[in-house]
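Here is what TrEMBL says about this protein:
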- 559-571: compositional bias 'Basic and acidic residues' (COMPBIAS)
- 57-106: domain 'Phorbol-ester/DAG-type' (DOMAIN)
- 122-175: domain 'Phorbol-ester/DAG-type' (DOMAIN)
- 215-356: domain 'DAGKc' (DOMAIN)
- 548-571: region 'Disordered' (REGION)
- 20-40: transmembrane segment (TRANSMEM)
């Protein structure tokens, strides 16, 4: 009896143990299987969505959360996530994507040929998801106030109409292209150009400008670098495509500026404006592409360039009145208004030639184009260290604040180490052929523009002593010296003046020994013994925005006015 009872207890204990093991395995394996299944379904769904996006004529983008209350344009249901079109503004749920492609046409960048030339087009109405705080063009009352899919918006002129105010005549009424009619390239213009090119009419631009172009037409081309600074480029691309013809908006990570700027050759001469969304490096890239147009004999199509600063330093943008950085605080509509109202000015561009020393050096000299400044010393060392760090871990440098913090770290480090000391013993400086006796320095900076180092007016310094007037279109460079990183920091907060070495049309700098950091417009490198020669190259046509002036800008207002007066006289 006792043995039977003992064996029964042992077997029940074993069953309990196995049951515990089984349920433990289930509690571990089941969540893993569910996770794997969900991951598989998600990846399968993403493949299907990408396939729909690839085949669609809409410029679809998927979002996990819309920024405002949204309703599917197909099923009219309220949606939190789904796809939106960067061209026409359609918003649909994931399940309605295919049906939306069949039901709705996107913005046409070029009108379909119907056998004859056209100079107008009707409204293109899309129902629902109208902008916040917009008003009906008929009754002037606010649209989009009801919690459902309601009211209409024209994808070209951005006019909105209530459902009850929509009349048959509005569906066929001629679209005026709204507030930004002077910036938009109409689809019928491009279709007419295309037809005339097919007919091999070489002088087509003379034929079409009169009937198809308005008197104050200044078409704008948007060139956005989605990798600049705070990574706002992609959002801006979509917002500009909504307001303009999508053919006017280019992503510089997918197409080179030289190719994008060929659109200028299809537009009226001396009328095009280009808005560069990026840092100073992106602006230099675009200006180089414009110089290529001059080489090709396309001078009459050269555009004027405005800047939306997305980079870290943005000194050129600051000099031209476009601000020290953009973080979405100004709506894109206001940006386009600023581009329309901006004044044309000239910007000097300089050739920087670096010739290595040595009898057996057979390499060609390195040649750079300078818009902002050239430097040798501590600020170039900071840029070189920053550049090396960013090359190793580019994912860390997605914020303007982080970028400036890294610059601050390397500047503080150089204050302690002083890697560039005794620069005056290692270099010789000539301004317009005249040798300059250098005091004890760690750095030399050659300036073309008013701002340097992310917003510092270096040539002015504290502003407590007289200094020669400096402009960015006078064919003169300003040359200053600094005593080190700490001196640079003092100048930036207006606690010290730079060592003003002079102004010149030609600057020659000879590095006699050792290796020193150098930079041109934020592009740094380590350079051995060499001769650096800076000479005038050309002028660039820029746009100056005369917005609200800061205290730092107040001293340069008269300077900018003088520049614009000179430009008007030249014109």
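The chain as shown is numbered from 1 upward.
Glycine is treated like the rest: Cβ placed from N, Cα and C.
Taken through DSSP, the domain 'DAGKc' (215-356) splits into 58 helix, 34 strand, 50 coil. Across all of the domain 'Phorbol-ester/DAG-type' (122-175), the predicted model scores a mean pLDDT of 89. Helix, strand and coil residue tallies for the domain 'Phorbol-ester/DAG-type' (57-106), in that order: 10 helix, 14 strand, 26 coil [DSSP].
Residue counts for the domain 'Phorbol-ester/DAG-type' (122-175) under DSSP, helix first, then strand, then coil, are 5 helix, 13 strand, 36 coil.
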